[in-house]
Amino acid sequence: MNVLTTVLGKELRESMRDRRTLIMLGVCVVVYPLLLALLLTKQIRAAEPQQTFIEVALHESSAPLSAYLTQHHVNVHTVRDAGELSRSPSAQEGTVGVAMEGSEDLTVYYDSTTVKTEAYQRLLGLLRDFNTQQFARAHPEAAQLPQLSEQDISSSALRAGDQIKGFIGMLFMPAFFFCMSTVIDATAGEKERRTAEVLLAQPLSPVSLIAGKWLSASLIGVVGLSAELLLVHGLMLSLPLEQIGMSWTVNTAEIIGLCIASASLPLLAAAVEMALAINAKTYKEAQTTVGLTAMVPLLISVLAGVSGVASHIAQALPMLSNHYLLQQLASGAHPGLMHYGSVFLINLLCSAPFLAFAVARISRPGYLANA
C-alpha cells in the first residue's frame, strides 16, 4: 500500500505541473456546459415547439377521416376507447391521437418529445383540409370555419429528458479527454525520456506501478467530469426553460449521486488509454492512437442515437448507461441505488481487461526496447 501511495503521489505531482493537463481540464469543464447552454438559449429565443408523428390513432367512428388520411399515405389505426387518444403514448411512441368532437371540430393529441416536425405539420395541413371540405359540404352558408386544436400530452420533465438524450457525447465524452495527457506522459512519455527504466528498477510490482499511474490519471478525470456535471446542473437551474416548455427537476442529491456513479467512467477511460499508450512504440504513436480512440465514444453515442438503442441494452453498456441514468433523472424519474450502483460497476468491470493488458505488457522484458 505504501508503494502504491508513493507512485500515486508522484504521478499526481507531475500531472499538476503539466500545463497540457491543466489546460485540458479547464477547457473541457467549461466548454461543454457552455455549448449546452448556448444550444438551449437558442431554442428558448426561438420558442418553437418540436413536433412529429409516426402514425395516427382515430376512434373507430371516424371512418371518413380515416379513409381521407389513408388516401394521403398516412398510417392510421383505430381505437375503441376514445379516452386512449388523450393519454400519453409511451407504449406507442410517435403516435398522434386525433379526436373528432361534434361533427366537425378536431382535437390533436401529440407528444412533442417523440414526433417529427415536418411530418406533423403535414398532418395538420391534411386535417385542416379535411375539416374545411367536410364543413363546406355540410354548411355552405356558414361564415365561421370549424376549429382544429392541439394538445401536447408530454410533460416538461419528459421534454427535458428528451433534450438531454441528444447531448450524450457532449456531456460524457470529456471523461476521455481529461486524463489523456496524464496517461500519455506517464507511459510513453516516461519511456521516451528514459525515466521508465528507473521506475522499473525499483522494488515494486508491475501491478502497483500500473495501479498508481491509473488512479492518478483517473482522479483528474473524476474531478473534471464531476465539475462539468455540477456546472451543467447550475446552468439548467438558471436558464428560463419554461419558455420552451421544459423543466429541470433534478435536485442536488441526485446530481451528486450521478457524479459518484459516473466516477467509474474516467477509470475506464484511463485504463483504455493506458493500455494503448503502453503498447505504442513511440511517444507520437501514443498521441495519435490515444487521440483517435478518444473520439470513439462520440461515434458510439451518435450511432446509438440514430439506431435508437433499447433502454435495457443502454443500461448494460459503458458510458451509455451513464447517459441513460442522466436521461431518467432529467425526465423526473427517481432511480434506486441499484441503478446508480450498476452504472458504476459496468464501467469499472470493463476497465479490468485493459488494466490486465497494461500489467502484462509492462512486465515483458522487451518493454523498454519497444519489442
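Every residue gets a Cβ built from N, Cα and C, even glycine.
For the transmembrane segment (21-40), the list of distant contacts is 15, 163, 167, 170-171, 173-174, 177-178, 180-182, 185, 220, 223-224, 227-228, 231-232, 235-236, 239, 241, 244: same-chain residues at least six beyond its ends, Cβ to Cβ under 8 Å. The annotation transmembrane segment is assigned in TrEMBL to 21-40 (among others).
Among the features that TrEMBL reports, transmembrane segment is placed at 166-184 (among others).
The list of residues near the transmembrane segment (214-235) in space but at least 6 beyond its ends in sequence, with Cβ under 8 angstroms from a Cβ of it, reads 4, 7-8, 11-12, 15, 21, 25, 28-30, 32-33, 36-37, 171-172, 174-175, 178-179, 182-183, 186, 248, 250, 252, 255, 258-259, 262-263, 265-267, 269-271, 273-274, 355, 358. The feature transmembrane segment is assigned by TrEMBL to 214-235 (among others).
The transmembrane segment annotation in TrEMBL covers 255-278 (among others). A Cβ distance under 8 Å defines the sequence-distant neighbours of the transmembrane segment (255-278), meaning residues of its chain 6+ beyond its ends; these are 172, 175-176, 178-180, 182-184, 186-188, 210, 213-214, 217-222, 224-226, 229-230, 233, 286, 289-290, 293-294, 318-319, 322, 325-326, 329, 340-341, 343-348, 350-352, 354-355, 357-358, 361-362, 367.
Annotation source TrEMBL lists transmembrane segment at 290-317 (among others).
Feature annotation from TrEMBL assigns transmembrane segment to 337-360 (among others). For the transmembrane segment (337-360), the list of distant contacts is 206-207, 210-211, 214, 257-258, 260-265, 267-268, 270-272, 274-275, 278-279, 315-319, 321-322, 325, 328: same-chain residues at least six beyond its ends, Cβ to Cβ under 8 Å.
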